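The feature ATP binding site is assigned by Swiss-Prot to 25-29, His85, Arg118, 169-173, 200-205, with sequence analysis given as support. Here Swiss-Prot flags 22-247 as domain 'Phosphagen kinase C-terminal'.
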Amino acid sequence: METFLTHPLGPKMKERAKLDDLVVSTRIRLARNVKDTVFSPVLSKEGERQLCDRLEGRLRGLKGFEYLHMRDYDEVTRQALMEKHLISPAVAANEESAVFLSEDETISVLINEEDHLRIQTLLPGYQVKEAFELANQVDALCAESLSYAFDEQLGYLTTCPSNIGTGLRASVMLHLPGLTLTGRISPILRELRKLGYTIRGRYGEGSDAAGRLFQLSNQRTLGSHESQLLADFMEVTEQVIQAERHAREELIAHRQEELEDRFYRSYGILRYAKLLSSTEAIERLSDLHLASDLGILSDWSPPKFHELIVRLQSGFLQKHFGKTLSTQERDRERATLVRRTLDQGLV
């Protein structure tokens, strides 16, 4: 377990990747349920425990994975795993949930989430096809040991009707400061929802978009083959990316002085503040990331932006110090950590 919490990013997430100035990460999730087994929402705690033990026994053969049962870890540890996107908020909140986690942190097989099984792959930058291929391979390995709930007409049966069919959910984490600062983000979000896509904050449903970070996902999984769903998703994602590029060009062309003032104010706060909330830290770091992308500030890399965001979250921060911290203590240590990072340079 400790290997997963020593560093804020796994080895793959530290690598530079395609379009990583705008796309922080790509995630593929496959929802699966076990045949002839009551679905998760109506399972008792004892039923969840039995299912967890059963799936652990069946999937123990997965090579290169570590099995983590949530009941064995405290709330802060689970929160830190969630902050790294290795488990979902639902798994973090349930002691009878578990995860098979790959050594390189690119694959999570979640047990007792909304569905019995959720296979997740996470890669840096814009790598939709690669993430799907990886998830497909893990799905095939799991299917060797499990019989899935499947209907010839409907496809994979899932707890939520929106997941029935392929059970496929593709997501990209997008950094969209240009659209946000130009005021264009709201109409784009409305249009995306009309097209059947969801857009949320960093941790999915119910979370905010601090740092202008948005999670774009497909909503429809029924009635189309995986290849068509992915093609449609990639087309929409690339349209959003293009809109963000245009918004950034407009900002540089017409509002450069205002931008420079904003960036240096954020740098000053990060460099000298004694207390920083996680929300303010992310917002200010988002400004620095955009400044680097636009050539106004140098010595920055997209993985460093992502790494700092994880490192400054409450759970990971407390794991770093090895103790529970009050809100003010977290804000103090967060500010200290940012100052030390800037002292060492941004790269």
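Glycine residues also receive a Cβ, built from the backbone N, Cα and C atoms like all the rest.
Since the structure is predicted, the reported quantities are computational estimates derived from the model, not experimental observations.
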Fill in the blank from the handout: Counting across all protein chains, other CB atoms within 10 angstroms of the CB of Ile28 (ATP binding site) number 27
Handout entry: Which of Arg118, Arg200, all binding-site residues, has a Cβ with the fewest other Cβ atoms inside 10 Å
Key = Arg200
Problem - Long-range Cβ environment of Ser171 (ATP binding site), under 8 Å and at least 6 residues apart - result: Thr26, Arg27, Ile28, Arg29, Gln215, Leu216, Ser217
Completion exercise
Per DSSP (helix/strand/coil reduction), Ser171 (ATP binding site) sits in strand
